[in-house]
Protein chains: 2
Amino acid sequence: MKKISGSTVTRLSQYYRILNDLIENNVETVSSSEIAQINSITAAQVRKDLSFFGSFGKRGLGYNTRELRNTIAGILGLHKKWNVALVGFGNIGRALLLYDEFRKQGFLFQAIFEVDENKIGRRVHGVDIVHVKEAPQILFSKEIEIVIIAVPAKNAQGIIDFFVGLGIKAFLNFATTSIHVPKDVIVKNENMSIELEALTYFLTNKK
Amino acid sequence: MKKISGSTVTRLSQYYRILNDLIENNVETVSSSEIAQINSITAAQVRKDLSFFGSFGKRGLGYNTRELRNTIAGILGLHKKWNVALVGFGNIGRALLLYDEFRKQGFLFQAIFEVDENKIGRRVHGVDIVHVKEAPQILFSKEIEIVIIAVPAKNAQGIIDFFVGLGIKAFLNFATTSIHVPKDVIVKNENMSIELEALTYFLTNKK
């Protein structure tokens, strides 16, 4: 598998969603220009992205939606369920646990790690809140591969270092701080106010 | 002002955060390579992004952190507060209201719009939940310019059409569905499971 850029991966995720919508609506074939239109990008970009993984489409016939969906799922690793742990059960953590989209896409919360004794021992939406010191056993027994960080910014680096030490290679980080990790570990930072700033840039400069 | 790409705007948001951190830590100057290192991009990219807006840095001396922060704030439209409305007070809406980062960056929730009679009339964290039919008056009186959509996917397009009709030009959309808007309106889609898929791609293809 050739290495592809982060923005290509993001577009594949978007195609994957569009294809799921089309399949739900019983659409059997789709052209690159139709995918492009839904996604507000060029048809040439769609064809380039998809050709990267081999040629799926038949000229003039477009892509079979199911075939293409399944191929993209394979590329993105969505042909299986992923076990996820959440660290931090504050406002963000609580919302993430209830965010249906994760479950729908095959991401299953298997544990919530906390240090707050008032929260530890509770079971929320079928998931146990446990002390972070139990992580070594639980990551192993629950086969957790992805850890979502929803702790205060000042604790994020220390928590991530701890989980890196336990062998976790992939983090989704909601703490708004710069994180340093070894080269074989990936951290995706989710900062919702950055999206808002794209809007204020637009509103400020459109006049 | 020249038009800059969405990815440049995102990087400016990241520089802005780094500069705020540096200023908090009493750092007075910073080089492009230091900014680059924190951000895991190249120094050349940082210089290119910043030169786009005129030359700030002094060769050999780096950038004055405060000056650069304030210039970027101006470009991104962060030199003022922004009044924001939230539509939908479910799990996502509740978490967004409590997401400190918005307030810290100058985004102020001025109204929550709902259609659920059980929620309407309540006041949460200083913000009134009102019926969406009151939007025409409230958007005007509260000078709201940005609307955050946290409604079920099937309602999102209709709600956005309604607010576009009321003159709103900028939306942050948490509903996971494709949205169509006129050319002079911007919608940023926030789908947290897309970030997770960048992780599963990494985990699936790293071996």
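Glycine residues also receive a Cβ, built from the backbone N, Cα and C atoms like all the rest.
A Cβ distance under 8 Å defines the sequence-distant neighbours of the DNA-binding region (A:14-53), meaning residues of its chain 6+ beyond its ends; these are 2, 4, 8, 61-66, 68-69, 71-73, 75-76, 78. Marked as DNA-binding region by TrEMBL: A:14-53.
For A:Gly88, A:Phe89, A:Gly90, A:Asn91, A:Ile92, A:Gly93, the entry in TrEMBL reads NAD(+) binding site. Listed in sequence order, the residues of the same chain lying 6 or more apart from A:Gly90 (NAD(+) binding site) and placing their CB within less than 8 Å of its CB are A:Ala150, A:Val151.
Per-residue pLDDT, averaged across the domain 'CoA-binding' (A:77-178), gives 93. Look at TrEMBL and you will find A:77-178 tagged as domain 'CoA-binding'.
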Listed binding-site residues (A:Gly88, A:Phe89, A:Ile92, A:Gly93) that sit near chain B [CB under 8 A]: A:Ile92
Residues of the domain 'CoA-binding' (A:77-178) by DSSP state, where helix covers H, G and I: 35 helix, 29 strand, 38 coil
Other C-beta atoms that fall within 10 angstroms of the C-beta of A:Phe89 (NAD(+) binding site): 22
Spatial neighbours of A:Gly88 (NAD(+) binding site) that are distant in sequence (at least 6 apart) but have CB under 8 A: A:Phe113, A:Glu114, A:Ile149, A:Ala150, A:Val151, A:Pro152
Other CB atoms, at most 10 A from the CB of A:Asn91 (NAD(+) binding site): 16
